[in-house]
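Please read the structure below before turning to the comments.
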Amino acid sequence: MHDEDSNDSSEPTLRTEERIKIKIGEAKNLPSRTQGSSTPRDVYSVVSLDQEPIFKTCTIERTLNPFFGEEFQFDIPRRFRHLAIYTYDKDRTNKQDKVLGKVTIKRDELYRLSNKEHWFPLFPVTQDSEVQGKIHIDVHSSESSLFVHVTEASSLTQINGQCDATALVTVYYTNGRSDVQKSKVKKKTNSPMFKETFIFDGTLGDWIELVVSLHHDISGLNVFLGEVRIPLNNRDTLSSLWYYLQPRKRLTALNHINQDIGTLRIRIQYTADHILQAHYYDELCSHILNSPSVQPVTSSVVYLLGKVEAIQPLVRLLVFHNRIVPMMRSLAELEMSKVTNTNTIFRGNSLVSKMMDETMKLTGLHYLHETLRAPLEKIFAERKNCEIDPSRMKDKSHLAGHRVNLKYYIEDIVKCITSSVSHTPPLMCSLFHELRGAAARRFPDNQDVQYSVVSGFVFLRFFAPAILGPRLFGLTSQQIDEQTSRTLTLISKAIQSVCNVVSSKTPPQKEEYMHCVYEVQHVIALKQFLELISASPHPLQQSLDTPVIVKESFMKKRAQGRKPFGRRNFKRRYFRLTSSGLLYAKDKSKDPLCVIPIADILSVQRVTYESFYRSNMFQVIQPHRILYVQANNCVEENEWIHILTQMCLNQIDKYHPSAYIDSVWLCCNSTDKNLQGCTQVGGTTNDIDPTWELARIQSLAVTYMDRLNNVMHSRL
């Protein structure tokens, strides 16, 4: 299979941005550990781009039919060939986990499968099946010779982080003979440049097939990396092409034999947005930004596009241009004008509710982390039993102790929420202020409704869901056991019930067993909190003395400021980015080994693979030294570069894309360590790309044009 895209020349006015959302539902009928028995397994799944792991589900213990129910979404930062989902059996002895099977979906098939749920069969995984990358081959012939020029290969599989590639070039003849030639070994690169020509004698017989296979040459062993098979029976079709590497031919045939090793239920949403230059969207942008002043608001572009799943790009665009507050004011007044029961305001999936949800996700995630991370980490660490439903307890003598545990955690979370007023994002406060004002104008004699319109969003649709599913909001990456999950459910129920009491006269709890956790002081404290975050469109600003955690993860780093040569000395460290700086430590609980103030981060840029023979490398450039960091995958690398670039705002014009190794800059061959960079720094990145959002809106409008016409006709 040759790569038809490799020779395409994209127009400079067009770029493509890809995004994937994938929900891994469940697996069924996995094979047991012992043949002929029903011995269960501890199962997890891994989402990969080609063979690069991106996300991992929780481990579901002791089952052959695990239910995951986990969702992941990410922007795709590079070209890829396959989306793969591997299913593993976790080894309880901490040895290497066993891969049970995988689902592989070609990139070209994602459109067809998008927005639908499918059951996929799992296929076996072997060393010979794990193939990625492509190779450029030029084949031509004369009357008596066949010339095979192997130019280069790209994006090959790495074996334990290394790739020493060699090519075996084999020609098969019609008489059963074959001729094999081998290239030189290209060390320490997964994109080797071979530039070798192999000549095969035509007098030995008629050629029938050319096979070029790549191998990782290590310690005398050849690890298969993939192969290409080119028919030679028609000389007129020989040419110079890029070819995708394929698994071994015999293995491909075996995979088509029915092997029942289970199935996996997956739902995929794949989008590829083709984005023109910004001026092409000027008219659409003008109509969207003028929507708040359109009367009636039901005639506005935002109102109409809100009916066709365009909520996310609309909100992001309005936030970018500071038009979200007047837009929400107009929509809220429209919705309130139709209300007959004040208890149901904004409780459904109305346009206001969906736009408000999206705005809180966009602007409030850091605030959510700062407010809930500490109490949730305490719950995860202590793992105290908080079950207070007698029907779920075997030994009811522990009921009193469980109540004490649950009350303590609720008190802790309520305290964290009510003390977070000064950290509440200003935009959220402005929106709460507008909603409260609209409720006061519409229902001047009902003060409770002024609280309910705010509490319904901040508690029921913001804090409570995050407590219930902390992994979905990035509040933890660890697996949550069944007991802790139940504790989070009970805390979320308690927060929701107090919210209901704050905003109405309804009973505090539907379940009788939950009455014991109701505290009047919680209601008073949360009512004061609602009062403060909605009292003014310009709330107290967050204290600069309290850094906000922006991002954290374990990555590898190269030692700073030591020897000016050598590529080794990489250490695994815990990294944390806050509003004040970047730090790393040996572990999450250890003191920082280094703290880099935001003001000292001059720029953040990618590093070439050849610098350290490692993928997913980026550099944090400081006034007197550079910190080299290796992310765990291409998605994580992209996220760290994006958020760091936002915060440091690029204070230099040029940088070195390669490292200073063995007393020379590999990119420009200069020996001057203090030489200003040799490559121009690109533009800064924003959290919101308005041109991309406009392209998404336009695409959705075209896709749902019939539905838009129906909405407009229904109003005539």
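Heads up, the Cβ atoms here are built off N, Cα and C, so glycines get one too.
Feature list (source: TrEMBL):
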DOMAIN    1-120  domain 'C2'
REGION    1-40  region 'Disordered'
COMPBIAS  14-26  compositional bias 'Basic and acidic residues'
COMPBIAS  31-40  compositional bias 'Polar residues'
DOMAIN    127-245  domain 'C2'
DOMAIN    306-500  domain 'Ras-GAP'
DOMAIN    548-649  domain 'PH'
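Residues of the domain 'C2' (127-245) grouped by DSSP class, helix first, strand second and coil last, total 9 helix, 72 strand, 38 coil. In this chain, the domain 'C2' (1-120) lies in contact with the domain 'C2' (127-245); the count of Cβ pairs under 8 Å, excluding pairs fewer than 6 apart in sequence, is at least 3. Residue counts for the compositional bias 'Basic and acidic residues' (14-26) under DSSP, helix first, then strand, then coil, are 0 helix, 12 strand, 1 coil. Model confidence over the domain 'Ras-GAP' (306-500) stands at 90, taken as the mean pLDDT rounded to a whole number. DSSP states for the compositional bias 'Polar residues' (31-40), grouped as helix (H, G, I), strand (E, B) and coil, give 0 helix, 0 strand, 10 coil. Residue counts for the domain 'C2' (1-120) under DSSP, split into helix (H, G, I), strand (E, B) and coil, are 7 helix, 66 strand, 47 coil.
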